[in-house]
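A.B. asks: Below you will find the structure I want to go over with you.
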């Protein structure tokens, strides 16, 4: 199928290109044009992660935020310009970090193969390689062949990135719009096993859940008391806490144990218990082997959302600016 035919099929089936999966992605896309590309990215990523253990969570989140806006096209990496405010300046993306490292990885690949490897692929590979670093084996397969988008709008980030304040219905709507299902929602939420959450993304659950200065009754009271010692008021937007208490740097399935104890940090975590079907999936993912298998498959699906392939888009020379 040609890229144009694929896009036409996307429009017929979904009404928009941004929800379509796959396109011309394939394993070893650069094997002829830049055979060392994936190894260069892996080695450079591992060097950075060895010095900064927070990078796996940061890259995983950045990849997720990229894919949910205009598809996995590297649009989250673009800087704002005089005439345009880009995705990275939207509120949900202000706490993203590691852009400088992505720029560094791209520069390393450019030295060997100029104008060949897209920033979208660099980000997808870096997310996988960073999370996999401690395991010394790839946790999921990354198909390559994405090209870079040329548009990045703050409004689209605000409209498409799922909010930590979302209820179950809103989350399902968001994931469905990207061609993902409830199973993907629960499995990909497991990414919250690493990283941190800022107080302002959940403090309403502690101090003003329904607008009556009350606490979210679904939040574990002991855990809520602890969180109040860290986040002392609703206006704190600088303090952060681990999303998976005691396991914030360890990629495992402990997130689901936490959720089952009503210690999910965000409303969007607690929401996974609000539906019978999603509760069942949470229970299944308490099996570590099952989680790793399912996470690998869900990441492959997420990494194919709305990809720009073929002759569409471009290969950026620098990830923060269009050519």
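Residue numbering: from 1, along the chain as shown.
The backbone N, Cα and C atoms fix where each Cβ goes, and this holds for glycine too.
In case it helps, TrEMBL gives these features for our protein:
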type     : residues      : note
ACT_SITE : 65            : active site, proton acceptor
BINDING  : 193, 244, 252 : Ca(2+) 2 binding site
SIGNAL   : 1-22          : signal peptide
SITE     : 61            : site 'Transition state stabilizer'
A.B. asks: Applying a 10 Å Cβ distance cut-off over all chains shown, what neighbour count does residue 252 (Ca(2+) 2 binding site) have?
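C.D. replies: I get 15 for this one.
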A.B. asks: Would you count the other C-beta atoms found within 10 angstroms of the C-beta of residue 65 (active site, proton acceptor) for me?
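C.D. replies: Residue 65 (active site, proton acceptor) is surrounded by 21 other Cβ atoms within 10 Å.
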A.B. asks: Across all chains shown, how many C-beta atoms besides its own are within 10 angstroms of the C-beta of residue 61 (site 'Transition state stabilizer')?
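C.D. replies: Excluding its own Cβ, residue 61 (site 'Transition state stabilizer') sees 21 Cβ atoms within 10 Å.
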A.B. asks: Cβ neighbours within 10 Å, counted over all protein chains: which one of the binding-site residues 193, 244 has the most?
C.D. replies: 244
A.B. asks: What are the other residues, in sequence order, whose C-beta lies within 8 angstroms of the center of the C-beta atoms of 193, 244, 252 at the Ca(2+) 2 site?
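C.D. replies: The surrounding set, listed in chain order, is 190, 192, 194, 247, 248, 250, 251, 253, 254, 255, 258.
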A.B. asks: May I ask for the distance between residue 65 (active site, proton acceptor) and residue 252 (Ca(2+) 2 binding site), taken between their Cα atoms and rounded to an integer number of Å?
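C.D. replies: Roughly 21 Å, rounded to the nearest whole number.
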A.B. asks: Please name which of the binding-site residues listed here, 193, 244, 252, is nearest in space to residue 61 (site 'Transition state stabilizer'), Cα against Cα.
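C.D. replies: Ranked by Cα distance from residue 61 (site 'Transition state stabilizer'), first place goes to 193.
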